[in-house]
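What TrEMBL says about this one:
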DOMAIN    41-276  domain 'G-protein coupled receptors family 1 profile'
TRANSMEM  30-50  transmembrane segment
TRANSMEM  57-79  transmembrane segment
TRANSMEM  105-126  transmembrane segment
TRANSMEM  147-168  transmembrane segment
TRANSMEM  180-200  transmembrane segment
TRANSMEM  221-244  transmembrane segment
TRANSMEM  256-278  transmembrane segment
Amino acid sequence: MKHIINPYENINDTARNNSDCPHVVLPEEIFFTISIIGVLENLIVLLAVIKNKNLQCPMYFFICSLAISDMLGSLYKILENILIMCRNMGYLKPRGSFETTADDIIDSMFILSLLGSIFSLSVIAADRYITIFHALQYHSIVTMRRTIITLTVIWMFCTGSGITMVIFSHHIPTVLTFTSLFPLMLVFILCLYIHMFLLARSHTRKISTHPKANMKGAITLTILLGVFIFCWAPFVLHVLLMTFCPNNPYCVCYMSLFQVNGMLIMCNAVIDPFIYAFRSPELRDAFKKMIFCNRYQ
């Protein structure tokens, strides 16, 4: 699976020599620190929703799903660093059965993070669409029961897909499936957006009784989606280049930035909670109460 998660390690020496671009190496301490911050921030998001009954509604459950995805991405790097540390200290046999199994489990977490983010953003987009254009029927359409069932199906599918992709990671169809989900999610959300703005333009009065509040949710989704694309697109492009032009000097030059692309993925988990807090007064108040131990009023 490492040829997908860390493809630069598999580029042969000839390809590297044909490229004038040096391999960019970032200190592991940076990855570890960003990952720890990402885990803590998203854990605060989950605890805030769990502890506050006014936040226990479908919209925030979908946000929790995205927070779990971000947290898995951060945990992946933390566990990978611990595994490397144990191997370097001699506690693990290099390329032994335990390390291989642990490595596959950790890689599954990474894929689960990407798939979870894709489907969480998609379901948030669908939720915003229903909120804006079916506001009067929203509570009958998006019930807590349907929300829980939807999230359960999503995470069962993501878990199964993650395990399958690790098992069959050496096959090109697996790589194509892995990378195709990214643009498919963008197309789905883009179609919703086009439909949203076309209807909003022609049927402004029918949007809802509180258009500003609902449109704010759509803007929040736009920001989350923009950050997700910015942080994950370089890695997806990396995987495609490694699959189809691993020996091309230009491709190798781009792939020398692998660790930079990896750091962007870690940053996504750190940025998202700030977006939640900045865009949602309710969540921001819950954060303050947790941080100041309920002394904040």
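Every residue gets a Cβ built from N, Cα and C, even glycine.
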Distal contacts, the transmembrane segment (180-200) - CB-CB under 8 A, six or more residues away: 114-115, 118-119, 121-122, 125-126, 128-129, 132-133, 206-207, 218, 221-222, 225, 229, 232-233, 236
Proximity verdict for the transmembrane segment (221-244) and the transmembrane segment (256-278), three or more C-beta pairs under 8 Å: yes
Highest-contact recorded stretch vs the transmembrane segment (57-79), from 30-50, 105-126, 256-278, CB pairs under 8 Å: 105-126
Long-range environment of the transmembrane segment (105-126) - Cβ separation under 8 angstroms, sequence gap at least 6: 1-2, 4-5, 59, 62-63, 65-66, 68-70, 72-73, 75-76, 79-80, 83, 150-151, 154-155, 157-159, 161-163, 165-166, 169, 178, 181-182, 185, 188-189, 192-193, 221, 224-225, 228, 232, 268
Average pLDDT across the domain 'G-protein coupled receptors family 1 profile' (41-276), rounded to a whole number: 82
